[in-house]
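Student: Pulled these features from TrEMBL for this protein:
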TRANSMEM  7-31  transmembrane segment
TRANSMEM  37-60  transmembrane segment
DOMAIN    39-257  domain 'Membrane insertase YidC/Oxa/ALB C-terminal'
TRANSMEM  174-194  transmembrane segment
TRANSMEM  218-244  transmembrane segment
REGION    266-319  region 'Disordered'
COMPBIAS  294-310  compositional bias 'Polar residues'
């Protein structure tokens, strides 16, 4: 057992048990034990369990992103306040004011990275479980949680289109490269589409113009590229994990963007139009220390119908 296995063993143990339980469920309803698709469904079950557990974190991410959008006027005001000031004291003061603004509104510019960061240890744990599958099957290493030697032998014998779940793109054979290559492209493409959808429909113009968003634009291309290149070393089973996970993310994000869009975004305009057609009221969020409340009040005042004033009343006012 190397250092990574020792570090990740608690998570590997949990991942292995979830895989074993789903495999037991699918074999109990009649699916073959040593069949690749049975194991693919077990991996899909693992993915759905993990993503369901991460829903509260995803909700926090969405709320933080909405608050960050509303805070853009305040952030731009701070940037204008310290514009041209390059000394250390001014930079520190600006950073402290920004962090104070974030704390008051219980948000963080890094909240969007949390679901992916939390998934990474789980991803590496699944990677190591599948990577160690041949050694568990041969008895070279002990069972990992519920992933016994018997299960490892069944998993080792199973295949998808004749390809083992532990196969990687760099393995010899055209069939291996073709199937894993397709999954790598789909994995990178779904990741790009998800991030692109977020920027195109769920960000206001002021947010897109913010310098902080430049790093987000870079991640739009960097992350799919990193996973696309790294994907050639992912076992087939891990690629199926990311396929299911990214599909979940796309569907989940579509629902959120439609029903909880960021203020000032294209998606919000579409939502307001839908609510207006149905005659539903719209409630705007309030930001502490920001300008959202003032904007809301101004908006409400502008929507109020101005009553006509007669000539006699105008004359009385002049008197």
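Even glycines carry a Cβ here, placed using N, Cα and C.
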Student: Six or more residues beyond either end and a Cβ under 8 Å away: which residues meet both conditions relative to the transmembrane segment (174-194)?
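Tutor: Answer is 160-163, 167-168, 220-221, 223-225, 227-228, 231-232, 234, 236, 239-240, 242-243, 246-247, 249-250, 253.
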Student: In terms of Cβ proximity under 8 Å, which residues at least six beyond the ends of the transmembrane segment (218-244) contact it?
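Tutor: Hits for the transmembrane segment (218-244): 39-40, 43-44, 46-48, 123, 126-127, 130-131, 160, 163-170, 179-180, 183-192, 195-196, 199.
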Student: Taking the domain 'Membrane insertase YidC/Oxa/ALB C-terminal' (39-257) alone, what is its mean pLDDT?
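Tutor: Averaged over the domain 'Membrane insertase YidC/Oxa/ALB C-terminal' (39-257), per-residue pLDDT gives 84.
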